[in-house]
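Copied over from TrEMBL, here are the features:
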type	residues	note
ACT_SITE	Cys2	active site, nucleophile
BINDING	Thr328, Asp390, Asp391	Mg(2+) binding site
COMPBIAS	552-572	compositional bias 'Basic and acidic residues'
DOMAIN	2-242	domain 'Glutamine amidotransferase type-2'
REGION	521-572	region 'Disordered'
Amino acid sequence: MCGVTALLLGDTSASTAAIDLHNSLYFLQHRGQDAAGITSNQGGRLYQCKGNGLVAKVFDEGKRIQNLPGSSAIAHLRYPTAGTSSASEAQPFYVNSPFGLSLACNGNLVNNEELQKYLDLEARRHINTDSDSELLLNVFAHALGELGKARANVEDVFKSLQDVYARCNGAFACTALIAGFGILGFRDQNGIRPLMIGERPSETKAGAKDYMMASESIALQQLGFKNIRDILPGEAVFIEKGGHPQFRQIVKPVSSPTRGVMNPRREKWLTPPPSFEFVYFARPDSTIDGISVYKSRRFMGSKLAKRMKETMKDLVDEIDVVIPVPETSNTAAVDMATELGKPCSNAFVKNRYVFRTFILPNQKARMSGVRRKLSPIQSEFKGKVVCLLDDSIVRGTTSKEIVQMAREAGATKVIFASCSPAVKHPHVYGIDLADPKELIAHSRTDDEIAHIIGADRVIYLDLAQCVEACLEARVEPVVGGMDITAFEVGVFNGQYRTAIPDGYFDHLSCLHGKKKSKKLQEEGVGGGSDAQTQPVAAVVNGGPMNVSAPPETHKTPGEKSDISLHNFGDEK
Ligand SMILES: O=P(O)(O)OC[C@H]1O[C@H](OP(=O)(O)OP(=O)(O)O)[C@H](O)[C@@H]1O
Ligand SMILES: NC(=O)CC[C@H](N)C(=O)O
Ligand SMILES: [Mg+2]
């Protein structure tokens, strides 16, 4: 679940877009901890800094931002779902033709093989990594190039996007930069990944406005952007240098009985936001598709408590205390405890120097991460029946460790409650949950799950209640007459929003197996590092990279067009 942003300053002579974008990445760090990057644009030149690691590391605490001049820029935070964790797959991606394009993508495509063939045999474009986002960028670049123009206009950009929507199957919310021309944002026709846009007055040019796009509203809000509106499913927005946003519905939202259909009476589109954003991914201080993440989590907590009172009354009576598993479930815990009529205790302390564990790249790191991150206040557990509350149980890594810690601290009974329904199916739209065998709830009963994690009882929120919680948390009408009636809930019920090609899951399991053995090799179990075989973009500690100059399109006359690539990571 990556994070993307883009900024175009109203003052085209300003050179500071990367400063704000660098800031924006700190607000979205929870969406991807593996890699980060920014591409900026000054005149006809693109500048780039990207690499593996947290934002602070990649940009050397901000020191590298001074090498990213320009009044426009795009940025990315990566949590890999396709390809590998190599620094060469850090984003934004760049292609020189046509015009000099750079793209950052949050999402996951499910027809990569088909796209690879198309790009190889028909479009004749070279793909240098295993990243699906590089495929998407090349589909777009090819369509734009095929128009055969020396200079593109806004209509050309929108027209080329039609090819992206037609060929790319899966989820994508992207920001892109066209050298010397402007910034672009677009969201797939299912609206599976979020993207929004806001505006603020320019600080340096009277009457002009800055425009920024981001995966979550909090990044826009904290940087002073107002009039924040979601980009709609199937919609794109292009902002030309010195211009205003131009919106275009590239394709209609997908029609299905439950979503993306035109409501004939109200002439509104019904759109399904992604449920996992509300359960886990997004920050509670963000609003997505008009729904407050904070409120949705509070409602999930109170609804789960109601379900517990209905289905396990005797056990509820025994509970002494409700204890959230920090950090995401903190928001739901007070409402749950209030509804149950029990005290709530922050009896697990989160180490503030350890980040999210679920999105770490391998199981060993995830397991050691939990103990490093969470520790119990012993007195709050000793001799008590505790109800531990988490937002989700996915692989069971956190719950297993946490239950054990609660018992070690003296709890007499442990009930484990999950604010989301059981995660039984792979996530195919941007969460690294490809292999169902990794999911603790896949083909298991609640009792079996309780046994595995060592709890006396496990209870989940109902899918219908989870959806209700999100619907009740609406705080703003969605623009464009979109109405929300349903959510993307494939992980819970196995019904996906897009066609999944035959053999896709087997293919993913196989890739996953390969990645695992590669990881073991890197860790020395089986020997051999692949440091010699990195794709060319993975230049260790970067330096300018010699690539062909983009054509003279969208450039101020006399300006040079080249790109300085500065990649970090893959350090062995
Ligand atoms: O069953 P699992 O595979 O362990 O996955 C679920 C857990 O992972 C996440 O926590 P994480 O530490 O990533 O983030 P948080 O601090 O935001 O809760 C989530 O909040 C659950 O606690
Ligand atoms: N989580 C995401 O959005 C990942 C983007 C892309 N699929 C990658 O693996 O880099
Ligand atoms: Mg958690």
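Any Cβ shown, glycine's included, is placed from N, Cα and C.
Because TrEMBL annotations are produced automatically, they should be read as predictions rather than curated entries.
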Take the C-alpha atoms of Asp390 (Mg(2+) binding site) and the residue listed as 'active site, nucleophile' and report the distance between them in angstrom, rounded. 22
Asp390 (Mg(2+) binding site) falls, by DSSP collapsed to helix, strand or coil, into strand
Cα separation, Thr328 (Mg(2+) binding site) to Cys2 (active site, nucleophile) (Å, whole number): 17
Excluding near sequence neighbours, so keeping only residues 6 or more apart in the same chain, what lies with its CB under 8 A of Asp391 (Mg(2+) binding site)? Val279, Tyr280, Arg297, Met300, Thr328, Ser329, Ala332, Ser418, Cys419, Ser420
With respect to ligand 2, which members of the recorded positions Cys2, Thr328, Asp390, Asp391 satisfy a Cβ distance under 6 angstroms to one of its atoms? Cys2
Chain-mates of Thr328, Asp390, Asp391 with C-beta within 8 Å of site centroid, Mg(2+): Val279, Tyr280, Pro324, Val325, Glu327, Ser329, Ala332, Leu389, Ser392, Ser418, Cys419, Ser420
Over the domain 'Glutamine amidotransferase type-2' (2-242), what does the predicted model average in pLDDT? 96
